[in-house]
Amino acid sequence: MSIVLIGFMGVGKTTIGNLLSEHYDKSLVDIDTYIVETTQLPIPQIFEKYGEKHFRDLEYQALKKWIDQDVIISTGGGIVESELCKELLKQNDNTFWLKCDVEILFNRINHDNNRPNANGKSLNELKTLYSKRELSYNEIAFKHIDANRPREVVASEIIESL
Ligand code: S3P
């Protein structure tokens, strides 16, 4: 069964996924990277050309392909926008929610033009999105991890809890 990291944009899912990947000597599947590689399109272009709904479909296809494999999965922060993805994630006992204050995340992501759902957004807009998604992260995750700490500490807590 895979180990899956969920949480808002900028929380460190890929970095922590890499630490887990090294520790367990298992591959890291970054869903965003997988989509970019398979479509040969950067994420902002997928959003622009085909719309967010299409991106969510691609996320679902990717998650379905990998979730039962023996890998570490780093998801995109919006994966909980898809009910189908939520159902898959709920069935996985190793889904970890990396939790971090939205004020900290805002400074990391609001000028990132590779993140269409964050780029140019105000703190209030991001807080609204975060509050909505928080309910889903909370509902889905097997465990909540405080990600307001050094990444090595976060990874160690995940490893100890498994
Ligand atoms: C998104 C988060 C991104 C990426 C896409 C949409 C979102 O992943 O999937 O830009 O809607 O929150 P990260 O959480 O890795 O930034």
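From the backbone N, Cα and C atoms, a Cβ is placed for every residue, glycine too.
Pulled from TrEMBL, these are the features on record:
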BINDING   G10, V11, G12, K13, T14, T15, R115  ATP binding site
BINDING   T14  Mg(2+) binding site
BINDING   D32, R56, G77, R133  substrate binding site
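Considering only the binding-site residues D32, R56, G77, R133, the residue whose Cα is spatially closest to the Cα of V11 (ATP binding site) is G77. Filtering D32, G77, R115, R133 by Cβ distance to ligand 1 (under 6 A) retains the following binding-site residues: D32, G77, R115. Counted over all residue pairs in G10, V11, G12, K13, T14, T15, R115, the record's binders of ATP, the longest Cα to Cα distance measures 17 angstrom.
For the binding-site residues G10, G12, G77, counting C-beta atoms within 10 A of each C-beta gives the highest total at G77.
With a cut-off of 8 Å between CB atoms and residues at least 6 apart in sequence, the same chain places F8, G77, G78, V80, E81 near R133 (substrate binding site), listed in sequence order. Under DSSP, V11 (ATP binding site) is assigned to coil, being neither helix nor strand in the three-state scheme. The Cβ centroid of G10, V11, G12, K13, T14, T15, R115 marks the ATP site; residues of that chain outside this set whose Cβ lies within 8 Å of it are G7, M9, I16, S74, G77, L98, given in sequence order. Secondary structure at R115 (ATP binding site), as computed by DSSP, is coil. Binding-site extent for substrate: residues D32, R56, G77, R133, maximum pairwise Cα distance 18 Å (rounded to the nearest whole number). In this structure, of the binding-site residues K13, R115, the smallest number of CB atoms within 10 A of the CB marks R115.
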